[in-house]
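Asker: According to TrEMBL, the feature transmembrane segment maps to 54-76, 405-424, 436-460, 480-502, 514-536, 542-561, 573-600, 612-636, 643-665. The annotation domain 'Peptidase M28' is assigned in TrEMBL to 171-366. The domain 'Endoplasmic reticulum metallopeptidase 1-like C-terminal' feature in TrEMBL is assigned to 669-893.
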Amino acid sequence: SLASGVVKGALAWTVLESLQKKMGATRNGKSLSGSENLIIEVDEDKIRCKQYSWYFAPIYLLFWVGLFFAVIYPLFQALPTGIKIPEEADKPGQFVAERAQEILLQISRLGPRVVGDVDNEVTVVNLLLAEIEKVRQVLRDDVYEMEVEVQRASGSYLIKGLTNHYQGVQNVIVRLSTKSSNSTSYLLVNSHYDTKPGSPGAGDDAAMVVVMLEVLRLVAVSGDPFLHPIIFLFNGAEEQPMQGSHGFITQHRWAANCKALLNLDSAGAGGRDLLFQGGPNHPWLMEHYRNSAPHPFATTTAEEMFEAGIIPSDTDFRIFRDFGVVPGLDMAGVYNGFVYHTKFDRYAVISLDSLQNSGDNLLALVWSISNAEEMYDTEAHAAGHAVFFDFIGLFFVHYQESTSLALNLFFSFGAILLVCISLWRMSRVTGQTMGTYAGVFGLLFLLALAGALLAVAFPLLMATFYDWGNRTLTYFSNSWLVIGLYICPSVIGLVLPMTLYLTHTKCNKIPHTYYLHIVGHANCVLLAILCLGATALKYRSAYLFLISLIFYVAALIINLLTRLHCRGYLWSLVLIVFQIIPFIYHAYLFHMFILILIPMTGRFGVSTNPDILIGALCGFGTILALSFAAPLINVFRRPNCMLGGLALVMFIFCMIAVSDVGFPYRPKTNVMRADFMQVHRKFFEYNGSISHEDSGYYFHLGDRNKEAPLRDHMNLTNLVRLGEDCDSELMCGIPCYRYCSAREHALWLAREEPVELPYPTVLEFLSKTVLSGGYQVRYEFRLTGPPNMGLFFKPLDGVKLLRWTFAPAMLDNPATYRPPLEVMLTYGIDNTPIEFFVELSKDDGNFNEPVFEMGVSGHYVSPHDKRDALSLEFLATLPDFAFSMEWPSSYERHIF
């Protein structure tokens, strides 16, 4: 209706012009043309008013800074007050954070809980069963039925380039149902209690485990019926990766009934839980999140970043989605990722308030989805992807992808139409031709494009220069440095082309206020094009451009209807007011991404410059938050001085960054990740003889700074890069663990004394059988050793690996998975020796010569596995600002 009013106003303007021509208006007794009559309709002095005094410009910029710290920052940090046990009587039915916190303390005190270790397979399982028994004792058994069991699962599957084979991993499972219910559709709630080696795992993921326990208790004592049974899956093998969830969803008798999922994980410790994956193709789940979650925190953009592999993590959600086709919501704690997978992920870093936040959301979602009518037939409600986001934690917005398409097209083309109407009106007011304004718009559009490119290019240049100077991650411990290092350069780049042009252009035909207004139009059309492009590429994050367009269009409509175009710079006040909401949202969103990703840059690996990502984020965030607000510094005189001021701020921050303040790491809070293994290696030849045997330390460093920060504290004199050995040795001759794609960057520090292993890893060659036809052969083996082992296979020339004991997916896709092939072996409570076979074919059928190479690794990751004295002495030299996930390991290369 507003757009219709604008069009009607434009038509009325045309009619007025026609009447004036017929009436022959005059100025000083002379007849005037229609366009001149239009000039009379407005006060030209009001159009060509002077810019405001320069000293208001800093106040204007500080307004946006103040808005961030007054609104965005406190709302981002806001958490509900944790409820304590004495308050429970006054708050019936509400999540009690203190009870969950008490159980968290018990679990955290156990220390690291790795698969196969007694603490994970026995101690914590008994603890969980004891807590569940406490729930059974208060269960409303007149209303509910509760079944409890410990699952032991074995299986094999392909994930991320390796075959994951497991045996005897455990899950603690509770099924809670209403006696009056006959529904066969179950709600699955999942978290994991195992941890990475060396980490107590309070945040990842014991906090979610205790939240589930308290939610289970609250539902069990409430007496309120619900339609669909609830499965509480306490998963004992997520870090391996995701073996527990695979074992449940592919083997358990209740798995086929699970129709919706609430997955709880963490990439940090404490804070709010981010909903970063949903569905897929089940937007009804978002409706339940909107209606029930009291503390919304979500964005589609995080989902697309996760799917693109930008986030170096994964969750059980992948397994439930891919192997069980169970739609759901994936939520994770994202605050304080610096302690993630380190020994500092302790009870003390999980606040009572953060547990309350998680518990409130989970309890509300469990009640909502367990009573959802959609659960009876979820496939009937599969309606495509959803666009979803929260607005600074106050409310949640979601809509379907089809709606997104309509909104993006309507507002993008509508914005372009309104810009055309505005330009036409300006031409009529000033008496200039539409062609003049079209030419000016075209030029300013190119300058807007240049500004957007510079807004990204300047931070990327800063990131590149700092990398060349070996100064990456200067913001790692002091994230506020990002303001001067990347945000200020981005703002300068955004407004520099426009400001230079406007300060050196004579405004004879077109007044300065119109030039500045057209600058906004140019940015509007640029964002509309980006929105259309993102929509065409099926990026649901196009909603980010949509938000900016909606509020610019609203301001433009008001300015057109009220004729504030013709009142100097008054139109800019309307624009500023309407930019507050998009600024708040975009600044909030990119503040979140920066706080999430800065800790993650410490584990991006040595080959990636993480500053590039942080710089790019700052650039895109600046474009979205300030495209319309920043150019308005040209409302004030001497705008170049403001750019100079921003450059001065940038220079000061650069000087701080190269000082000791910019050293990336701090003890306990912001640690460097310097993982290494104490390795004993043996290289066996075809005849069984040992051609080489040695020991050393195999380093896997987490970030771009490599080993440089360690050299002043540790004796790394003979440290060498193993890249040169990767062509000649199977797997570079190292026992790489899990994902071995970065093995070319591995470092090796030899030591003279052999590493003493807790106990041996033993490969037994059982048999060799040439199969019928004479061109295929079968080898059988038995392997014993620690709960975490690995196998690597490399057929020699003319040989193909046809079949093996493990999941066949890698062998079925030889074009995708090329040798060497990796198999990860894990056992939990069942330590039975692993027997396996491989079958191969050879072109010439001669199996009396070498056929394939096989590497065998053993990883003694348990905290109870003893490190030898020399390894402990070397580990003691590790500086206090570094953390090492370390363990003894063995590696043997065999040729058969």
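Cβ coordinates come from backbone N, Cα and C, glycine included.
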Asker: Considering only Cβ pairs under 8 Å, which range in 480-502, 514-536, 612-636 makes the most contacts with the transmembrane segment (542-561)?
Answerer: 514-536
Asker: Return the stretch with the most CB pairs under 8 A relative to the transmembrane segment (514-536), choosing among 54-76, 405-424, 612-636, 643-665.
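Answerer: If we count Cβ pairs closer than 8 Å to the transmembrane segment (514-536), 405-424 scores highest.
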Asker: For the transmembrane segment (643-665) and the transmembrane segment (405-424), check the count of CB pairs under 8 Å (sequence separation 6 or more) and say whether it reaches 3 or more.
Answerer: no
Asker: Summarise the model confidence on the domain 'Endoplasmic reticulum metallopeptidase 1-like C-terminal' (669-893) as a single mean pLDDT, whole number.
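Answerer: Mean pLDDT, the domain 'Endoplasmic reticulum metallopeptidase 1-like C-terminal' (669-893): 94.
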